[in-house]
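For reference, the structure discussed in these notes is given below.
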């Protein structure tokens, strides 16, 4: 089936209750469950089968996994036992500590947890071997349905499991997230903030502990109170350091959850503490304020109880905040709203969302370092009209997320290095060209270009109009992206790449024979020689005429014009509908062709006989066609070669078809200039003649 275009642009920020059905059957969780109950069967998910394809894509299991339902592993399975808590999360044989750290943080926010794990499921009445979970993806909530067959070895769960062997919510949640991303293997390696955002639809913020503000403790305290999800880790300098244990019992390159922050009285002083959890369920900090450290002997039983202090090897531990800053390198916070943690006020934020793509050859221009292509990136107009309350500037947050890179890992895709720049917008209401960026500096930009799924930063700018340009660092790199803009006051955003405007002059009337130029007289003689008495040429004859003339032109390198091009030319110029070209029609086309040749030569900078697809937007606009990025992408796919170049024959074909389509549309849109109405016969007739 052909690709169906869906318009990009601003979208509403969805709420979880609108979670979209994702199962290939098109049925909801409840519909499939009722169907299984009526049939007396347990659900088997054909979309994510109990087979190796759901486990790995680049390797085979080293041990013979057996897929079993919880009721085949234990006698009395429970979905959630005594509430979903962080102690229900123990890492298995999969390198997805980042996901487990995010799940542990999720359990601290019951409202967010209930959104991800719907409460309408259990192993009790109504059990049919089917469960579902809801995740946020690129500004929409998805309902992911799975069966409850889990990979086991010797009757033990291989991957994520609960400390209580008859509790299965965490293992099933991991399976649903693996399905969302294509396989269990796709979950290897990552950042906790990624899953935190998928659990909440929140906004990411990262702090370097060594460069954190003076009120860093208060920032983390406020984040936990607001229900934000927090993770932390220690940087590694090489692959060899990954999961290396420090002398203090901490693991480098390993994702931890921040589960609490508090103060304790110790020898007349208030000591700031922070509680951390290792998703392994063991291996803990062994320094000051660790589970068995002597400091706790100076703390009364009531205070110890309040802080839930126990000397258990459960992976959770307290440490002094100053030690935390000294040993950990980064803290990732997923805020459920964009309110700055440095401020006390809570605001109502306006959100707009843009879905877009970087496509090689048309919109994958790279960063400003690559001036020749940077201007071809998607451009979004941002209108800031209202100042913040009591301020002279407008606050907003920009979050740029590249889509589905984890899902595409099986095809060799990596997380790209991304960022964005913001420019003051000139009065022109159009896609800005190369010269604008040659002479204008950005007004603001992301702090860095980095290979993370999302890059987000806060800004304050005076009211006005700006152009926001999201890009990869290197040009020619392809990805889809989701751009979210949060503003305290309503900001108007518009995609500058979606406009289509055709400006074609009326075709000139042919000159009478006695007023023909010397060039036209030579054409008439050649035409008579080829066409005969009727003075009409077929596509084959037109091919001969054009190539005979163009080969004498020394200023353009080109291969012969193809027969297809000549058929398209006749389709454009043939007013009688007999499939041939009369001499007067040819004269009109020749004038047009000379203009197009000059246009091609203008953009064939190196005189190689080809032009870059990145120049296509400007070249087509000069010919009268202002096209959307989506149309440009289709043209590049159809006409460009592997080196993203077009020769003259391809360029001519493109222009002929564009003009033909435009003139047909103009002829049919008599009442409404933006729409035409066709029945199936008219539509097919139209497409066969363009």
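Start at 1 and count along the chain as shown; that gives each residue its number.
Yeah, the Cβs are placed from backbone N, Cα and C, and that goes for glycine too.
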From candidates 30, 140, 167, Swiss-Prot puts in the same Ca(2+) 1 site as 81, 83, 88 the residue 167
Annotated region 'Disordered' segment (source Swiss-Prot; candidates 1-24, 49-72)
1-24
Remote residues contacting the region 'Disordered' (498-519) - C-beta distance under 8 A, at least 6 residues beyond either end
7-9, 430-431, 584-585, 587-588, 591-592, 624-631, 659, 662-663, 666
Neighbouring C-beta atoms (10 Å sphere around the C-beta of residue 604 (Ca(2+) 4 binding site))
23
Round to a whole number and give the Cα-to-Cα distance in Å for the pair residue 278 (active site) and residue 254 (active site).
8
Just going by other Cβ atoms within 10 Å, which of the recorded positions 278, 608, 610 has the emptiest spot?
608
Have a look at the binding-site residues (606, 615) and report the one with the fewest Cβ neighbours inside 10 Å.
606
Per-region confidence, the region 'Domain III' (338-521) (mean pLDDT, whole number):
88
